[in-house]
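Colleague: Below are the features listed in TrEMBL for this protein:
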- 1-24: region 'Disordered' (REGION)
- 1-15: compositional bias 'Basic and acidic residues' (COMPBIAS)
- 33-469: domain 'Major facilitator superfamily (MFS) profile' (DOMAIN)
- 88-107: transmembrane segment (TRANSMEM)
- 114-135: transmembrane segment (TRANSMEM)
- 141-161: transmembrane segment (TRANSMEM)
- 173-192: transmembrane segment (TRANSMEM)
- 204-223: transmembrane segment (TRANSMEM)
- 230-257: region 'Disordered' (REGION)
- 283-304: transmembrane segment (TRANSMEM)
- 320-340: transmembrane segment (TRANSMEM)
- 352-372: transmembrane segment (TRANSMEM)
- 378-404: transmembrane segment (TRANSMEM)
- 444-466: transmembrane segment (TRANSMEM)
- 476-496: region 'Disordered' (REGION)
- 476-485: compositional bias 'Acidic residues' (COMPBIAS)
Amino acid sequence: MTKVGQRDSPAKEEPSTTTPPATKKRFLTPGRFVTILCIINLINYVDRGVIASNGVNGSSKTCDAKGVCSAGTGIQGEFNLSNFEDGLLSSAFMVGLLVASPIFAGLSKRINPFKLIGVGLTVWTIAALGCGFSYNFWMIAVFRMFVGVGEASFISLAAPYIDDSAPVARKNFWLGLFYMCIPAGVALGYVFGGFIGNHLGWRWAFYIEAIAMAVFVVLSFCIKPPQQLKGFADKDSKKPSTSSETVAPTDAEASQIKTKAPKSKNLVVLFGKDLKALFSEKVFIVNVLGYITYNFVIGAYSYWGPKAGFGIYKMKNADMIFGGLTIICGIIGTLGGSYVLDRINATLSNTFKLLAASTLLGAAFCFTAFLMKNMYAFIGLFAVGEILIFAPQAPVNFVCLHCVRPNLRPLSMASSTVLIHILGDVPSSPLYGKMQDRLKNWRTSTLIITSILFVAAIIWGIGIFMNSVDRSNEVSEDEEVEEEKLESKAENSTLV
């Protein structure tokens, strides 16, 4: 037996004759794993469409000139909500999202990220059930806040997993598949909410979506992702030593390793340090400013679109028309934008070019569409506009993932999501409702909101001229310390 601190003589070493065990093929391949994430994302955004659909959201009671009133329908009618209160209801989830997103992003450094997703989806499922059991405005508003808590765990961690799992040549296309679920989910929510609300009642739409998500809550606790998240240590595994007899490091080595450890283990301090590093990235700032402006319009479209369509063109099946249009155009636009980015060499500068061009053209088509008096002319022009304005979905998140170091990606995604909601679609829904209450003209209100897309195109255009560097493969300080520790342990394990 070899004593500690001594090495075997090379002459005594014998080559191993043991045949390495065959690698077991895993059922959960990267493609299947990304498919699960896409379905979860789809259900999450179906909920956004459900709450906005005419079948679930409904309408307030109306009275004619003679004073004869007709009962309201759905949530707005049952709880007697004004358009402003109705808009607040659509934005209530943001409270939970704002509070929980940085918490989940910070905990991902200490706890297995996929288990955190499972916890979040559990909260989401319970909150969705609660929406169905609500009996007044404040009760359903609170449950909508907890829907945001559940979403927070998912949005900050899913995209980095996809970015790591996807083949290099199709990275943006895989991200496109994931973000395609946003317009497709909202659109399906319009259709699903309209159908269920009219046939079973608005509460059943929430019950059914909660049951669908419960399946993936179970999966998230039972499966393990096929690839460890880049920039994070594996929280569930401890790699065995390469030798049966390892050597303890000397006092000098132990002291050296100790001094290289992170200065603070306090989560709040580490979070503050990461946040400072994130917001020192000018590319991130410009990208998110454009994203906020863009999402301000998209949020108003997604919530008020069916009602605006009915108000302007007297569409009898506004949920079905807007839902079907958004599904088709959202899929084509999102996948088209990601495909084009893969083809033109996905540098950050090229990404900003795509963001600015597609948003500018999309704004022009949508603005022109709402000027049309004929409904079919509107549908044709608006369809082209929707394809173009959905093209940025994957590219804008590609910038969020690649303008920072790998260990900052969850925080980058969480921060961008919080900002685009709290400054984008959260205020846009009630503000649009307030504007419509004052103007009493759906066409004018929608033209005003659409013009803001031109501002988003200008902001993203600024990014073209910035000195942007892809930092997705840089090694963080924490990773360097971890690598040095592993190298030290490997060297010591050879001393037998």
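Note that the numbers count up from 1, one per residue, in the order the chain is shown.
Cβ from N, Cα, C; glycine included.
Note that the coordinates shown come from a computational prediction; the quantities given were computed from them, not determined experimentally.
Walk me through where these features lie, including what they touch and how far apart they are.
Modeller: Residues of the same chain lying 6 or more positions beyond the ends of the transmembrane segment (283-304) and with a Cβ under 8 Å from any Cβ of it are 48-49, 52, 87, 90, 186, 348, 352, 355, 359, 389, 392, 396, 399-400, 403-404, 412, 415-416, 419-421, 423-429, 432-433, 436, 446, 449-450, 452-453, 455-457, 459-460, 462-463, 466, 468-469.
Tertiary neighbourhood of the transmembrane segment (320-340): same-chain residues 49, 53, 172-173, 175-177, 179-180, 182-184, 186-191, 194, 305-306, 309, 354, 358, 379, 382-383, 386-395, selected by CB-CB distance under 8 Å and a gap of 6+ residues from either end.
Long-range neighbours of the transmembrane segment (352-372) within the same chain, counting only residues 6 or more positions beyond its ends whose Cβ lies under 8 Å from a Cβ of the stretch, are 287, 290, 294, 312, 337, 340-341, 344, 378, 380-382, 384-392, 395-396, 399, 443, 446-447, 450-451, 453-454, 456-458, 460-461, 463-464, 466, 468.
Outside the transmembrane segment (378-404), and at least 6 residues removed from its termini, the chain residues within Cβ reach (under 8 Å) are 159-160, 163, 171-172, 175-176, 178-180, 182-183, 277-278, 281, 283-284, 287-288, 290-291, 294, 297-298, 312-313, 321, 325-326, 328-330, 332-334, 336-338, 340-341, 346, 348, 351-352, 354-355, 358-359, 361-370, 372, 412-413, 416, 453, 460, 463, 468-472.
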Colleague: Which residues of the same chain, at least 6 past either end of the transmembrane segment (114-135), have a Cβ under 8 Å from a Cβ in it?
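Modeller: For the transmembrane segment (114-135), the list is 40, 44, 47, 100, 104, 107-108, 142-147, 149-154, 157-158, 161, 203-207, 209-210, 213-214, 216-217, 220-221, 223-225.
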